[in-house]
Amino acid sequence: MAPVLDTVHYNARMSLIYDAWSSASDFEEYNSMSNLDALFLIAGDSSEDDAPRKTSAVQTWLLGYEFPSTFILMQKNRVTFLCSSNKAKILEPVKASDPRIPIEIITLPRAKDAAPGAIQEVMGKFVGLLASSQRIGTLPKEEHTGKTVADYKTALAAAGHTHETIDISVALGAVMAIKDDEELKIMRTTSNLCNTLVGSYILPKIELIIDKEKPTSHATLVNLIEHRLGDNERPADMKVWSKGRGLTDVDFSSVEFVYVPQVQSSASGYTLKLLNEPSPTNISFKGVLMTSVGLKYKGYCANISRTYIVDPTTLQEEVYALVVEIHKEVVQRLKEGAVAKDIYSHAVTIVKQKKPALEGHFVKSLGHAMGLEFKESAYVLSAKNSRVLRSNMVLNLSIGFQDVNDDKSGLFTIHIADTVKVGQERGVCLTDVAKESKDCLFFFQQDEPKPKPKAKAAPQPSPKKVPTKVVGGKVLRTATRSGGGAEVSQTTRTKIYPHQVELHAKRQSEGLARFESGGGGEADGRGKEWKRFISYKGEGALPSEVTEPKIYIDKKALTVVLPIHGFAVPFHINAIKNASKNDEAEYVYLRINFQTPGQLTGKKEDTPFEDPDATFIRSLTYRSLNRTRFDNLFAAIQQLKKDVNKREQQKKEMADVVEQDKLIEMRGRRPYKLGDVFPRPALDGKRLPGDVEIHQNGLRYQSMGNQRVDVLFSNIKHLFFQPCDNELVVIIHCHLKSPIMIGKKKTKDVQFYREATDMQFDETGNRKRKHRYGDEDEIEMEQAERKRRVALNKEFKAFAEKISDAATESNGEPLELDIPYSELAFEGVPFRTNVKLSPTMDCLVHLTDPPFTVVTLAEIEVASMERVQFGLKQFDLVFVFRDFTRVPLSINSIPSSQLNNVMEWLNDVDVPIAESQINLNWGPIMKTINEDPADFFAGGGWGFLPVPGATGSENGSSASEEESTYDQSSESSASSEDGSGSAFDGSDASDDDDEMSGADESGDDWEELEQKALKSDKKKADKGRNDSDSDAPKKKKSSKR
């Protein structure tokens, strides 16, 4: 069957070439096209050497297929194809599509059917088109063979025409480097193929080989990897590919390896050059093992390389961590407008700062552009390339150190490569799988040093007996005695301190960069602005009732018309501050106060005015004998003012609500559907289940009552799936970028859930009970419920993954499915109720019950841990966001037992942490910052907040808190000096904790406090044995006497 060409893609992409040609003098990457008369692409017969050719890449990019023995001549006024009659039929629809540049097709006759001299005549006609062209852009480095090429050379020599040829490979590569939506979709699929092959086959296979120490050669593993794609004898291994995402519709006949998969270990030696033949030696079971896989789908390439280390040495761990750090930094900088050499220089700077001795071993380039060609030499991330990256370019990001010498393991190489898309603000890693240290470093060796910690732990039994001693009938807590709580906390702070110092320094430098131009107050000029309120456009618009000299309230125009010297003067209700009414004798006075500058009280003290220096009327007072009328006027003014304020408040609340685009329903097939689910927020009316459907650009929920809720993929910020393990419901949750209206409710979170419990079965007994005894039926019901929960989780997770794939395809940007980590969950009070908060990859969430909590970690400026005091059972956590106009989120009453876990988690996700003994008043702090952020960061930024692990921070960090202008020193000092008003009185701390707090105030360190506490416990325990304080023993002793 003859291929069908996509005429739309051809016209769009050919236009890109001509646009680059016409603007060649303005852009450095297109300079080779400048002042050319024509562009000429020659394609000979198909070769068997599999050597990549740019001509084939350009043909595939333009037409979707390779056309051997075909010439393309682009001139200013037309495009000429020279090809066989069969190819001419395929190209005919493109010619008939009315392209921007007219097309002419010259057909070569078949050699066996052609008359003598016919081929030379046609070829001579084509060569004649070149006669008017003196400078022709072509690809001179490519060598082509075949009869068509030979006939062309003969005809060119016979015509005697000579011309200057210019290499335009760089310019064509630059044109093709920026990918359109269709290309990005294919490259995402290719990247998912790489992810699946590495994550679902190569990594488990390597783990199995190393774990069982099964002798396997490098060549054998390479052959096993190649067989996953199948060959002429066997199909593709769908057991592997079915584990990938979005691969159900992949045509595996169009998937091939770009190069022979690379597997290297210490037994084969290391090189970053691509080898055609794998080593026949066996894979080493210890040390560094490198793998690289490049795949091509529909002509588009993706690449991934990973390094695995078995029982790594200290140097190998440090080098691997440095490679991952550089990788993250570089991905952040791969954005629109970035210069290639600047990115490489930044990576080298990190190496000089962290490991200057390894600078000579660092790679000479960080990768290159990639697409239809595996390597596009025009965009190499090297120290000399000054070309600018553009959004939607796709790069092969390659970072590593080669031939590093380790005294313990010898020479080794560490290398990581990923397929990365250049974005507007940062790069997007398309092959982000199994890269962190926890995935790639394996510790199998059982060394002799491991028993050493046991030897240190041996003398600990004696302190462990202390908490079991009884004092006054109570068992002492290990958390506040010698159970090691303080030591663990101290260890955690010490461990995270260096990283926290780096994070705080990074925030400071980012803040200075954000506001380096100065100002930026009130959210970059978004503060209060002066507004003009117009009651009437002219005198003729005044109502007829104002002809009489009396006060008139026009509710429609939101205006109070006041008589002044016989004239009706209108005042908009927003110009009136308030009104008051007083009775004196037989008169009643109505006083109307206006908004004027210089008022030092009230919420509108900073209200701007058009001309603050003008003369203002502060108030007007009217007197009347008609008490009833003034009562009605006063009530009407108050009500109008109240209604306007309410309307403004509602308008302000609805300001960020977006009007979503229209949902495009799925055509041609039934949409994926998840049935019998309930939405949150709940819809109006009776609570009925409904179905969630996945359409082309969004989700649609439709209840049995025909109520609809549409959520577009473009408005989804985070997508969560929460299983029903230890929960009553299974949830798919969408956190939106902008709020939408559901009924009359404004919401930024839309959730679809189904209850995990089944109330339809009979618990009162049935026929089975007549033949069973004991708990068999209860056990069976428990097993059935477990199976039901597993099935629910599987169904909802599969549907959530389909949502993620559909959103990624629709938006052109990946929407990752996030699952809460229940093992890292902790309790807290973000609103009014104590809930369980669970971290995810990108957020901190509570999704079980409304109100929901979703905190995006990337939006956090700093996390302040407050009320962190020795003896308190709970502490608070305040998130300050990078958008300073947002109100900080306070999570209160987190158990102190979770302090170290929360601290380590925040440190792991690169959130700067501050620690304080008191609650800071964040309202005035944020107001001061918003007034002039540049001045705030110039004055030290967040330096007034103590970093955990810094000197004095564990013992109170009182010095830094006293220096801060934002703390509540008076309240804290008063409460600490007064024993009855101590912060410990409100807690469940014992009297021993008060003694500890007193020791803390005297300046003792943690070790001295522990020793004093231990002595105090021993004294009280001995006293409890010898002379108990209880009444009963005293009576017994007195009776014996």
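Quick reminder: no glycine exception, Cβ is built from N, Cα and C everywhere.
When the ranges 98-125, 630-657, 798-825, 910-937 are checked against TrEMBL, the one recorded as coiled coil is 630-657. TrEMBL lists region 'Disordered' at one of the ranges 449-470, 757-778, namely 449-470. Note on the coiled coil (630-657): residues 551, 553, 555, 558, 560, 573-574, 576, 578-581, 588, 590, 592, 622, 624, 738-741, 746 of its chain, located 6 or more positions outside it, place their CB under 8 angstroms from a CB of the stretch.
Confidence over the domain 'FACT complex subunit SPT16 middle' (551-701), given as mean pLDDT on the 0 to 100 scale, stands at 84.
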